[in-house]
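These notes are about the structure you will find just below.
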Amino acid sequence: MNAPASSCAAPIGIFDSGLGGLSVLRAVRAQLPAESLIYVADSRYAPYGKRDDDFIADRTLAICEWLVAQGAKALVVACNTATAQSIALVRERLAVPLVGVEPGIKPAAALSKSRVAGVLATQVTLRSARFQALIERHAADLRVLCQPGHGLVEAVERCDVNSPALVELLRGYVEPMLEAGADTLVLGCTHYPFLDAAIRSIVGERMTLVDTSVAIARQLERVLDQHGLRAQPADGAGATAGTPARFCSTSDGAHLRTLAAALLGIDAQVECVSIPSPRTREPEAA
Ligand code: DGL
C-alpha cells in the first residue's frame, strides 16, 4: 500500500477520462475554496465508455498512483465509468481517502412525481454491477429508462456543447423518455452537465436534471473532515489565494484549456503529462 500525503495543505487530486470532471472540479472549488487542486484529464484515452474493463482499471489505477506521487492528500474519481468499473480496486491498492461518483438514482427517486426517470450514462456504467445495485437499492418503485449516451463524451471532448448536430443527437435520446412519461433525467456522466443548456433547449421545464457534482463536493468535504485533512485559508494554496488549480492532460491539453475558459472562466495553463500504465506502455525498443 502506498502511504498517503497527509498535510492539510497538500492538494486534492481529481481525475476523469477527459474534460467531464471539470464539472466536479467547479463544484469542489465552490464548496472548498481553500483547497489546492490537481486535475488530470486522460483525454488521450477518452472515451473510457468504449474501452474494455481491464483497460479502464489499468488507467484509473495508474492515474490515481500518479496523483498520490504528486502529493495528493485525497482523490476524487470524477468519472462515473471509472468509478463503476474500478473504484473497488483503487480502494484496495491505495490508502489515500477516495471519493467516487455515481449516477444520481437516489435523488431522482426522491424527485420524480411521474415515477418514470431517464438515465443518460455510458454503456460501461449502465451495465456495471454497481449501477444495477443502485437501482435495486433506491429505485424499487421507479421506472428507470437507461440510455447510453453514445457520441456525447466525444462531443464535449471537442468542446461541442451546443451544435445543431449535437442537439439532434440528444433529441434522439431524451424525446423517447419524455414520450414514456419521464419527468426526471439523471446526468450519469460527468461530461453531461456541460450539455445542460442543449438538453434544456429540448426538454424545457418538463424534466428535472439531476447532476450530482454538488453532492460529490459535500461528500469530499465530509471525507476530508473525517481524516482531519481540510486546508485552512491560511495555507494559502487554494483558489481564493489565486492558485486555482494545476491542470494536467495526457493529450495536448488545448481542449482542456478551451473548456476551462469557456465553461468555468478559468485561464488554465495546462501541463501535458505522460502517465504510463501496463496497458499503454510503449513496447521496449528491440
Ligand atoms: N466523464 C466520464 C463519466 O462520468 C466519461 C466516460 C467516458 O470517457 O466514456 O463516465
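Indices start at 1 and increase along the chain as displayed.
In case you wondered, yes, glycine gets a Cβ from its N, Cα and C as well.
Under DSSP, CYS79 (active site, proton donor/acceptor) is assigned to coil, being neither helix nor strand in the three-state scheme. Long-range C-beta contacts of CYS79 (active site, proton donor/acceptor), restricted to its own chain and to partners at least six residues apart, with a cutoff below 8 Å, comprise PHE15, ASP16, SER17, GLY20, GLY21, TYR48, THR60, VAL101, THR190. If you look up TrEMBL, you'll see CYS79 (among others) marked as active site, proton donor/acceptor.
The active site, proton donor/acceptor annotation in TrEMBL covers CYS189 (among others). All protein chains shown were included, and the count of other CB atoms within 10 Å of the CB of CYS189 (active site, proton donor/acceptor) stands at 31. Following the DSSP three-state reduction, the secondary structure of CYS189 (active site, proton donor/acceptor) is coil.
Just so you know, the Cβ of SER17 (substrate binding site) picks up 33 other Cβ atoms within 10 Å once every protein chain is counted. What TrEMBL records for ASP16, SER17, TYR48, GLY49, ASN80, THR81, THR190, HIS191 is substrate binding site.
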Inset, instruction - Using the centroid of the Cβ atoms of ASP16, SER17, TYR48, GLY49, ASN80, THR81, THR190, HIS191 as reference, list every other same-chain residue with Cβ within 8 Å of it (recorded substrate site), in sequence order. - result: GLY18, GLY20, GLY21, ALA46, PRO47, CYS79, ALA82, THR122, THR125, VAL153, CYS189
Legend entry - Nonlocal residues around ASN80 (substrate binding site), in sequence order (Cβ under 8 Å, 6 or more apart): VAL101, GLU102, PRO103, ALA121, THR122, THR125, GLY188, CYS189, THR190
Legend entry - Cβ neighbours within the same chain of THR81 (substrate binding site) - under 8 Å, at least six residues apart: SER17, TYR48, GLY49, ILE56, ALA121, THR122, VAL124, THR125, CYS189
Legend entry - Site with most surrounding Cβ atoms, counting all protein chains shown within 10 Å, from the binding-site residues GLY49, THR190: THR190
